[in-house]
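*Asks:* This is the structure, below, for whatever I ask next.
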Amino acid sequence: MGAREPSLEELLEEKKRVRNPLVPVGALITAGVLTAGLISFRQGNSQLGQMLMRARVVVQGATVALMVGTAYYYGENPWKSSETP
């Protein structure tokens, strides 16, 4: 009963956390490699397309690992209990 609704300013307020600038770069590289792979498949070069799809998986995995590593390093570990004994 004592819960209050957050105001619009609180909802729109930027969260104060450290952002890793390499994550968007990794996402753009992933999208670029995916696009190049799809274009090469469409042009009939399946060998190059397969190589680019494998490269996309590697880049995408590295981006996800970077996201998880950054969150863990800056203390946003969802598996760690926030209560201290």
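Placement of Cβ uses the backbone N, Cα and C atoms for every residue, glycine included.
Annotation comment: TrEMBL describes 1-85 as domain 'HIG1'. TrEMBL lists 22-41, 53-75 with the feature transmembrane segment.
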*Asks:* Which residues of the chain, 6 or more past the ends of the transmembrane segment (53-75), have a CB below 8 A from one of its CBs?
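*Replies:* Same-chain contacts beyond the ends: 17-18, 20, 22-23, 26-27, 29-30, 33-34, 37.
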*Asks:* For the domain 'HIG1' (1-85), report the average pLDDT of the model, please.
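*Replies:* Here the mean pLDDT over the domain 'HIG1' (1-85) amounts to 79.
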